[in-house]
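Asks: For reference, the structure I am asking about is given below.
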Amino acid sequence: MKQRILLGMSGGTDSSVAAILLLEQGYEVIGITFRFWEEGENFHLQDAVKLAGQLGIQHVTYDAREVFRANVVQYFMDEYLSGRTPFPCVKCNNELKWKLILEEADRLGCDKVAMGHYVNIIQEDNHYFVTEGKDPEKDQSFFLWGLTQAQLSRIVFPLGQFHKTDVRAMAAVRGYKKVSEKKDSLGACFCSGDYRPFLKKQLAEPDKYIYPGNFMDEEGNVLGTHDGFPLYTVGQRRGLIHLNRKVFVKEIRPETNDVVLAPLRSMYKTEFLIRDVNVVDKSLFSSEFDVLCRIRYRKQNTLSRVVFLENRTARVELSEPLESIAPGQTAVFYRDGRILGGGFIS
Ligand SMILES: Nc1ncnc2c1ncn2[C@@H]1O[C@H](COP(=O)(O)OP(=O)(O)OP(=O)(O)O)[C@@H](O)[C@H]1O
């Protein structure tokens, strides 16, 4: 009997090709499209439904708009209003998307679930590890450190061994021209560009939260006026004030509505704390600087030591200083292309 698998179908090129590949591998594929956020007509959903029809597979639609708004969009706004820089895609992966798809998989009698991310899973010494996708330009491992071992044991990533160009070509060769030509999605699904107009629009009373305050230097001297602390992020360099020296946002102080500016040399740190930590196994971390820590999607890795503390928190010690470590963003630990875990910077 064929193994039944539930595939997240966003309507984009990647999950569409994932559907085709899973069918070719002999799975009985059911597609699911989550309605997370909609402004106007949902063409992605229409495309997913259409492709499922062409492929002759069952498709279900799940209206997740309310839980998405309450958990991901609200978190996104709360983080900015607390002076932090949110990472909504990780929040959604950690707390919503995978939980929902696995629940639906149980309901539909599917043992396995799949999505079109460019990553792989390997099983080694009784552990599951997410590993980097073959296409370095598309690798999405940075977003998936929150997956648990139980979740990983049921997940299949059909695209991890391919480059995006291969994936487009596979769709074209099989006659799915429109699928092969779809644009890549950028940023969060509900706010892909500048977050500031989005934040103002979503707040019922934006002026209550966002109003002018002081730019300060590290000594507490007032340097000028800003438009409201939620409109700035740690590490930001552009759109500040005109000074005859280069400055960055070093700190955001919501209680006083101050935004502290500092030169680059003040932006470096050699340690920081993380919370909501998830790791494959603590015993994989030693007391040496033996894991690579990455704090931004396309940033370099730094050799680190992780000291686990209480309540899913940890201290990350860096072998060399890193600049612009923004609270709210994530730190992800890698060894030999495998993800060992991660956490939110606090
Ligand atoms: N609304 C959704 N419903 C179901 N699955 C989804 C949805 N959004 C994303 N996914 C799943 O998550 C995967 C990664 O999505 P993401 O938006 O990060 O990447 P993408 O490269 O744009 O993918 P795609 O080309 O398939 O849209 C998708 O390939 C799909 O399997």
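From the backbone N, Cα and C atoms, a Cβ is placed for every residue, glycine too.
Predicted automatically and left uncurated, TrEMBL annotations should be read as such.
Here's the feature list from TrEMBL:
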| type | residues | note |
| --- | --- | --- |
| BINDING | Gly8, Met9, Ser10, Gly11, Gly12, Thr13, Asp14, Ser15, Phe34, Gly116 | ATP binding site |
| ACT_SITE | Cys92 | active site, nucleophile |
| SITE | His117 | site 'Interaction with tRNA' |
| DOMAIN | 198-262 | domain 'tRNA-specific 2-thiouridylase MnmA-like central' |
| SITE | Gln329 | site 'Interaction with tRNA' |
Asks: I'd like the number of other C-beta atoms within 10 A of the C-beta of His117 (site 'Interaction with tRNA'), please.
Replies: 24
Asks: Taking a cut-off of under 6 Å between Cβ and any atom of ligand 1, tell me which of the recorded positions Gly12, Phe34, Cys92, Gln329 pass.
Replies: Gly12, Phe34
Asks: Work through the binding-site residues one by one (Gly8, Ser10, Asp14, Phe34) and name whichever has its CA nearest to the CA of His117 (site 'Interaction with tRNA').
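Replies: Nearest listed residue in space: Asp14.
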Asks: To the nearest whole angstrom, state the Cα distance for the pair Ser10 (ATP binding site) and Gln329 (site 'Interaction with tRNA').
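Replies: Each residue's Cα considered, Ser10 (ATP binding site) and Gln329 (site 'Interaction with tRNA') end up 25 Å apart.
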Asks: Cα-Cα, whole number of Å: Gln329 (site 'Interaction with tRNA') versus Phe34 (ATP binding site)?
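Replies: The Cα atom of Gln329 (site 'Interaction with tRNA') is 25 Å away from the Cα atom of Phe34 (ATP binding site).
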Asks: Can you check how the pLDDT averages out over the domain 'tRNA-specific 2-thiouridylase MnmA-like central' (198-262)?
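Replies: The predicted confidence over the domain 'tRNA-specific 2-thiouridylase MnmA-like central' (198-262), as a mean pLDDT, is 96.
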Asks: In Å, rounded, how far does the Cα of the residue listed as 'active site, nucleophile' sit from the Cα of Phe34 (ATP binding site)?
Replies: 12
